[in-house]
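If you look up TrEMBL, you'll see 488-584 marked as domain 'STAS'. Taken from TrEMBL, the feature transmembrane segment applies to 88-108, 120-140, 146-165, 203-220, 226-247, 320-338, 350-369, 375-398, 419-440.
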Amino acid sequence: MEPMAGKACVPERADFADLVLQVPEPPSLWYELTGMLRKAVRYQCADKHFTFSSIGYANLAKLDPQYGLYTSAVPPLVYAVMGTSREIAIGPVAVVSLLLSSMVQKIADPAIDPASYRKMVFTVTFLTGVFQFAFGLLRLGFLVDFLSHAAITGFMGGAAIVIGLQQLKGLLGLSHFTSNTDVVSVTRAVWVSVHEPWHPENFFIGCSFFLFILGMRFIGRKNKKLFWVSAIAPVLSVALSTLMVYLTRADSRGVKIIQKVDAGINSSSVKQINLNGPYVTECAKIALICAVIALTEAIAVGRSFSVINGYKLDGNKEMVAMGFMNVAGSLSSCYVATGSFSRTAVNFTAGCKTAVSNVVMAATVMVALELLTKLLFYTPVSILASIILSALPGLINVQEVCILWKVDKMDFITCMGSFLGVLFGSVEIGLSVAISVSFAKVIVHSVRPQVQILGRLQGTDIFCNIKQYPMVCQTPAVLTTRIDTSFLCFINTSFIRERITGWVTKKHEEIRTVVLDMSNVVNIDTAGLAALEELHEELVSRGIQMAIASPGWQVIHKMKLARLVDGIGENWIFLTVGEAVEACLANKKGGDLEC
């Protein structure tokens, strides 16, 4: 077999093939960074059952009840001015409340030093808003995508079970309970507590109204016209249970009640934000996690309903709005707020068309803070637990987990890793496992990308994977391969080179030309360039010519700078795979190799 290198062997080229080599230089990294900055500079910057669920979420965050009401007052007003979603309802949510309490209590114990705990919460909320604002301003919305759909599904499911177990304290009327969130610690705490004196009236009240709320929700779902039945169920539950406790004086027989809820609208918390203390770094870490989780939930909720109503949600503007509202909230005694799916669903069902629904909700909460807090003195703690428990089934999506198992086993592993990490470890462990598995999946696909052998669909210039389309025809003397990776770099070059040389070695007597389809390769690094050069030298040593088809803009630019184009030969760089194969066939003596 004779080498094909040399001027005598060079095929004639179509004029349009020179387009590959004559492209202008691609935009520099500096241009892309300044372009991002220019875009950033140009950017210009509902009902009462929310009140009672907010009190429950404040309890979950280990804060006094009024702080849940504060968080349902200021942030919704800010979002109504800056946000782009028409349906989303802003306020505290269960997952973020749990996330906040589980991590902040490692710095300050809310039972021993509640004042320091509140300062940490407000500091974390302020930093959360700063991170969210920065994400939107610098258009870093892709950071939210690091938590995949599978990871969020598992995290939400695990968090829902943990939240439910945490509510056993209120449901059983327990005085002492573990601060840990893992299922083993909570189960042990319940087991120890039930062997001590406890009052079953708490459990009876909580379970009765839990079933009542679920029944009203079932009626609302069965008959869309009765959606308001589900909406007012928490209000009725709180009103009836409070009245029952007051009339029977059940608090004197061991039923735990809320007692005092401070009246009045939000007070300033500016002086409680501490950015110079010894725990600022820990607060920043917690804030970063809260920022990503809160944004992920809010944007997912907003996009779901915007698709239904046929408009587009601007993710970066949403981040700016969320950030600004949490910064404003941290200055007015609020903790981290975000969009709630259940509340948004109520808004949507009620026919809300604009963000004014958040203004109405905030006004309702403010009225409640001024006039109704005294009426909550005899509200049983177990009723708050039942309201939170009624919201948890929506966080556990068993059907989605089954779909993940059928469609993508790696996504299922990510989901279960997140779920089990939250359930048996902590919220941080669950998130760490989910992110680690997601990155491992990306790395595995990057290290071992697909390298396919292509064949021509008869009568066309279409080249397809021979395994996916067995009917295609291969040209014996031309090995046509496609590299399916967007970035040919140091982590995958060895695998790709070994795969191609393995095929060449196996069919060495037949192959005269190797065509590399690089249409999917967007970029390349120096290791990728070195690998192409080594592959070319190895093929030439065997008397085989290498041709490259459809290289990307950055790829051909770097190949020219590295003089790899000169080494391979300009006449062996082609615009399309079809052109490359035709040139190879024309260069082969004899016409017996046509497909």
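Each residue, glycine too, has its Cβ placed from N, Cα and C.
Curation plays no part in TrEMBL annotations; they are all automatic predictions.
Comparing 320-338, 350-369, 375-398 for CB pairs under 8 angstroms to the transmembrane segment (226-247), the maximum falls on 375-398. When each of the listed stretches 88-108, 146-165, 320-338 is scored by C-beta pairs under 8 angstroms to the transmembrane segment (350-369), 88-108 comes out highest.
Here the transmembrane segment (320-338) has Cβ contacts under 8 Å with residues 43, 45, 58, 61, 63, 67, 70-76, 78-79, 82-84, 90-93, 96-97, 100, 121-126, 128-137, 266-270, 273, 290-291, 294-295, 297-298 of the same chain, all six or more residues outside its ends. Contact between the transmembrane segment (120-140) and the transmembrane segment (88-108) is supported: at least 3 Cβ pairs lie under 8 Å, counting only residues 6 or more apart in sequence.
This prediction places the mean pLDDT of the domain 'STAS' (488-584) at 92.
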